[in-house]
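Structure, as structure tokens:
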């Protein structure tokens, strides 16, 4: 028997811990159930267009990354293996966007059945975590390349063979709640069957708040600590070195790229996790304002969309900026790519060990 769900079950749905049930449930914040509101037509018309746009751009740039890796001859670097897995995770995440765009186009009416709801909901969550975890691995690997250049030069690809399965396993474990609870439920006053998180009614608020906080901790706080720590470690180390001329230019480029990784992660994911945290506070009864809850419900789809743009940005941060990117494309397509030509001479000078290792890491 399908339970009846309210609008909050849909607006926070794709990666957050909704919905809530219109039943008498112990331990819930009763105010939440009195704050029902319908989404505007403009709101629901804009979201699918933006989702398809992110899908097209992100899929294209990540396909290039995967193609470059597959066409690369000889042994693969540890950093290249991480970049490849990051691109795969982003591709799989982006591949689900057309379904969610359709979901919004039909006003939160899920047309693909309960099995697809569970599978694609879990698939999205799994690859979202995998993408974030691999970004964290890239930051740690980059830190090691700069701080311990001689040790990092002796890294073998087999070392990544341990890290990569571990990351995917962690992502799978993080998505287990979604796989277990994701299901189709009816929202009567909207006249739709929504793909939602069907938590146990008697512990609904606790589950909703707990899953939201888990996403905050595993998907943002812990990765940000690692990413930011690695950046400041790299910055401190490189600023201590006496670099002149072209070496100084390279050092500044490295620092800018390291800073760009941190800023991109914060800009893309902070809004979603702030709203998710506010959502958890509303379930715990700490936030008791219908206006705040309305903002959460209406803003979350756009915050999730902003998080997805990180999958479009990643190839530019980790692959396309390398000084051998043009060479790799030429090797793959065997045609000159004149539009990528630029001043590369600053990257060809003899560098210090840490700068040289850092430069090849993103190439």
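Any Cβ shown, glycine's included, is placed from N, Cα and C.
Keep in mind that what you see is a predicted model, and the values were worked out from it rather than measured.
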Membrane topology agreement for residue 42 and residue 251 per Swiss-Prot: no
Segment assigned the feature transmembrane segment in Swiss-Prot (from 21-45, 46-70): 46-70
Recorded stretches the transmembrane segment (160-181) and the transmembrane segment (295-320) touching, at least 3 CB pairs under 8 Å: no
Cα-to-Cα gap, residue 215 (angiotensin II binding site) vs residue 195 (disulfide bond), nearest whole Å: 19
Listed binding-site residues (182, 215), ranked by Cβ neighbours within 10 Å, top entry: 215
Distance in Å spanning the most remote Cα pair of 103, 104, 182, 204, 215, 279, 297, given for angiotensin II: 25
All-chain count of other Cβ atoms within 10 Å of residue 195 (disulfide bond): 30
Inter-residue Cα distance where the pair is residue 182 (angiotensin II binding site) and residue 195 (disulfide bond), in Å: 7
